[in-house]
Amino acid sequence: MRRFSLPLVSGLLLSLTALGCSQNSRETSRPTAPTADTPPAIPLETGATTVAQGTGRFPETFEDADKGAYATADETLTTGSWHFEDALIGSSEEDHKNGQHAARLRGQGRLRMNFDAPRGVQTIRIKSAAYGNDPASTWELWGSVDGGRSFRRIGQPVQVQGPRLLTTTFQGGAAGSLRLEIRKTDGGKGRLNIDDIALEMGSGAAASGGSVATTPTPAPAPKPSGSPTPVGGSPQAGQRDDNLALGNPSGATANVNMPTNYLLVKPQFTIGYNAQRGTPTWVSWHLSRAWMGEAPRQDDFRPDPALPRQFYQVTRNSYSGSGFDKGHNCPSADRTTDLDDNSATFLMTNMIPQAGNNNQRTWSSLEEWTRDQVRQGQEAYVLMGSYGKGGTGQNGKMTTIDQGRVTVPARIWKVLVILPEGTNDLQRIAAGQARIVAVDTPNDQSVSPDWSRYRVSVDAIEAASGLDLLSKLPLAAQEQLESRVDAGPVR
């Protein structure tokens, strides 16, 4: 038996404890005395936030929905809208369930609420089992108190083995907003069934087993909305804004029939992905001090489980021996608030084959310059992409790698929209209060370390790539701002 606590707050802070009872023959886990082995706290949030609301009709039994494929999608269930990644709703004899349906996750599948639970949650119960005769699976419960902008793990991993549905109970209380995400974390071949997600409400702290009870804890002083507490650090200034605030450059959609222009929306960044090239066409993200902390680099390069099954999955081995770096679009160092944010940057859908000198000198210098601006009180909206075919790495010029399944781009570009931290960003950008820096570099080993030599206009990148950048700005502002070539200081 294990006991864990996790603060969740909106005005009042109560402890929430997760009791994972893995490989236990009893149906329901029960609490024991607390231990010192507690996970990091969910970042505390205050202030008004607009959130999607569910129906409040828990438990979620998956009985009134039909999702027969693992493809990423949002599904409307009895309780509200849920996001499925590498997950479906199973109804076969091999699905272990209470009723006719249960969720089934594979790989690193996820199941996330797109809405906040009713306020006053006191107890969370989740049933789980291994699918069919599959080997053991491990899952984790994560929680968000800021409308899904950031998540932290609740408790410790739960391992399930065998066909019997076991109930893991999380007892305590959350007076404020809360949404949950279930993550299959082992990444193995074993599939996982999840059923009967139950939330119980109350007005006070819940008793645990008649002997150990959670007790209210005073809330700490509030901090600015949107600013998570970094791993090992202190609350940061700034806030997290929409990663796609400047517009969708290619009109990408999450349509499996559009493999060359497939939209992947993640909490950390948004991607317009080209499955035929095996690389993103563009990646868009926001950068402020709220995204920067002290989380270490994860280096866990891996396929993206959110890609539809019919798309080719690029792996870290796809780049082996090619002479090209696995070049990040959204950099690892731009996402250091917590381990989850940093890990997301190592999905292979965020990578391109990038010449080592371009990646490690030119691009690294540009990325660090951008972060320096942010550390000085600026925020940045960043768009990065690549186009063309054929680059030169350590092994010479190549047009593709991985037996022709991953295209090596000829050019790599980036557009930075930098402005002082604040609100009403689109209005301020349109009014000329932002510095716009556009860079377009060759993907080769002879590229200069001085990125400023490659500054161009946004118009030039649009003409070369066929994209429509900064499309959320008024047309008059686009015409004025996109024609300029930045000549500002870079030292």
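Yeah, the Cβs are placed from backbone N, Cα and C, and that goes for glycine too.
Straight from TrEMBL, the features:
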{"type": "ACT_SITE", "residues": "H328", "note": "active site, proton acceptor"}
{"type": "COMPBIAS", "residues": "205-216", "note": "compositional bias 'Low complexity'"}
{"type": "COMPBIAS", "residues": "217-227", "note": "compositional bias 'Pro residues'"}
{"type": "DOMAIN", "residues": "266-476", "note": "domain 'ENPP1-3/EXOG-like endonuclease/phosphodiesterase'"}
{"type": "REGION", "residues": "23-44", "note": "region 'Disordered'"}
{"type": "REGION", "residues": "205-252", "note": "region 'Disordered'"}
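On its own chain, H328 (active site, proton acceptor) has T345, N350, M351 as residues at least 6 apart in sequence with a Cβ closer than 8 Å to its own Cβ. In the predicted structure, the domain 'ENPP1-3/EXOG-like endonuclease/phosphodiesterase' (266-476) carries a mean pLDDT of 97. Mapped onto three states, the DSSP output places H328 (active site, proton acceptor) in strand.
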